[in-house]
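Enquirer: Handing you this structure, nothing more for now.
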Amino acid sequence: MNDALEIMKKQATLNIGTIGHVAHGKSTIVKAISGISTIKFKAELERNITIKLGYANAKIYKCDSKCVRPNCYQSFGSSSPDRLSCKKCGGTLKLVRHVSFVDCPGHDVLMATMLNGTAIMDAVLLLIAANEPCPQPQTTEHLFAVEIMDLKKVLVVQNKIDLVSREQALEQHDQIQKFLKTSNVSGPVIPTAAQIGVNIPALLDFIVNYIPEPVRDSTARPKMIVIRSFDVNRPGTRVCEMSGGVIGGSLVTGMLRVGDKIEIRPGLVIRKGNRFVCRPFVSEIVSLKAESIDLSEAYPGGLIGVGTTMDPSFCKADKLVGQVMGKLGFLPSIFHKITVEYSLFPKTTIQGSSKLKEGEHVLLNIGSTTTGSVIGRINETSGEFDLVKPACCEIGERIAISRKINNHWRLIGHGEIKDGTCIEPEYDAEIDDAQRKAD
């Protein structure tokens with residue numbers, strides 16, 4: 001427990017996604033808890049919607065004195081100390097959770113981005129605006145995504161209750177309960193008004209007491225899902241002063257340390273005729289950060305930034321999203337064709353849930369990878385999918401299947417990888433020698 005607390009002081013240990021229909025308050029709820037706005041890009045600010053995956057860390061504290069539940073729970077930024085003074089009663093606030101929030105876009109054309117975010121989630125907040133009928137289209141699709149990724153812990157946040165009467169809020173609460181019964185998802189419904197901070201302590205209470213800390217394996221081989229990548233150098237920086245590329249994501253298993261030799265798969269993908277050549281990026285970790293906190297080692301859970309010696313041009317503008325990072329020579333295989341056991345959603349609010357056909361083009365989400373695919377041999381329960389872009393993945397991994405309907409990719413089903421055809425990665429001679437020594 002002491003070790004877990006020491007880790008929690010420095011980095012988040014739990015990933016919670018915010019999902020739901022567009023403009024239902026996902027980014028606002030994250031800001032109410034963390035104090036950080038996840039809307040940062042120019043296009044997002046202009047339109048006041050999330051376009052890329054947003055992220056923010058927050059520490060949740062519990063007052064050990066006179067404050068009673070749920071008001072004994074308070075949240076602050078991730079750089080806050082592990083003990084604070086309670087301004088309500090003068091008691092001591094003790095750290096009980098350190099959470100990374102993954103803020104997903106709600107617009108229908110950004111469904112693939114939302115699905116990428118589910119790859120690293122341990123639990124979700126499903127936002128439903130109280131001033132609109134339930135369900136809205138993306139509420140339904142996002143709930144499908146929760147089922148696909150087998151996320152068991154769901155908190156339904158009935159937001160914007162300040163915009164409706166008590167009777168309207170209760171009526172919509174009944175709509176939400178009926179909606180949840182149409183799926184395999186269940187969870188408590190928490191009314192909030194995030195814009196003015198109403199009932200945020202109750203939400204924190206549920207995060208602490210309803211969502212358990214996931215069991216992590218820090219002794220396994222490290223595997224990090226990449227959801228962001230950056231070039232942090234300002235224009236005009238001299239070559240001798242440039243920093244290497246920065247990779248953002250979440251460690252699923254294992255540990256990473258400053259100085260580790262790392263590999264990123266599938267890396268640089270080149271098409272030669274009818275075959276792919278994959279050259280993984282090989283680099284070294286020069287820094288680890290959890291927001292503004294410097295780390296010497298990173299544990300599974302939470303979002304971290306990894307500074308590398310890579311050419312930053314390969315990392316800029318999220319070029320590495322969908323790749324997988326780990327220690328050199330110890331990552332899953334790279335597949336260009338997969339056999340999937342799948343099922344389509346029997347109930348859907350959109351058209352086009354007909355059977356998949358040989359030769360049809362579909363979109364697959366594998367981990368944080370989004371890739372087009374052409375269907376090969378297929379029957380009602382399994383099929384072969386030729387990937388437009390190779391993916392680093394594992395047998396048994398869950399995938400999401402989307403079909404283009406009215407010029408938009410819409411989620412229609414899910415599956416599990418049962419087999420596949422691999423690509424042998426190509427390395428420079430000196431890297432091959434290093435791998436043999438590591439083996």
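Counting begins at 1 with the first residue displayed.
Glycine too: its Cβ is placed from the backbone N, Cα and C atoms.
So Swiss-Prot lists the following for this protein:
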DOMAIN    11-215  domain 'tr-type G'
REGION    20-27  region 'G1'
BINDING   A23, H24, G25, K26, S27, T28, N159, K160, I161, D162, A193, A194, Q195  GTP binding site
REGION    48-52  region 'G2'
REGION    103-106  region 'G3'
REGION    159-162  region 'G4'
REGION    415-427  region 'Interacts with CDC123'
Enquirer: In the region 'G1' (20-27), how many residues does DSSP call helix, how many strand, and how many coil?
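Expert: Counting residues by DSSP class gives 2 helix, 1 strand, 5 coil.
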Enquirer: Check the DSSP secondary structure of N159 (GTP binding site), expressed as helix, strand or coil.
Expert: strand
Enquirer: For the region 'Interacts with CDC123' (415-427), give the DSSP counts of helix residues, strand residues and coil residues.
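Expert: Reading the DSSP string over the region 'Interacts with CDC123' (415-427) gives 0 helix, 9 strand, 4 coil.
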Enquirer: Looking only at the region 'G3' (103-106), what is the mean pLDDT?
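Expert: Over the region 'G3' (103-106), the predicted model scores a mean pLDDT of 77.
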Enquirer: Provide the number of Cβ atoms within 10 Å of the Cβ of N159 (GTP binding site), excluding the reference atom itself.
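Expert: Other Cβ atoms within 10 Å of N159 (GTP binding site): 29.
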Enquirer: Checking the spread of the GTP site as listed (A23, H24, G25, K26, S27, T28, N159, K160, I161, D162, A193, A194, Q195): what is the longest Cα-Cα distance, in whole Å?
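Expert: Value for the max Cα separation, rounded to a whole number: 17 Å.
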Enquirer: Tell me, if you would, which residue among S27, Q195 (binding-site residues) has the fewest other CB atoms within 10 Å in the structure shown?
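Expert: Per-residue Cβ counts within 10 Å for the binding-site residues S27, Q195 bottom out at Q195.
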Enquirer: Specify the secondary structure state of A193 (GTP binding site) as given by DSSP, simplified to three classes.
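Expert: Reduced to three states, the DSSP call for A193 (GTP binding site) is strand.
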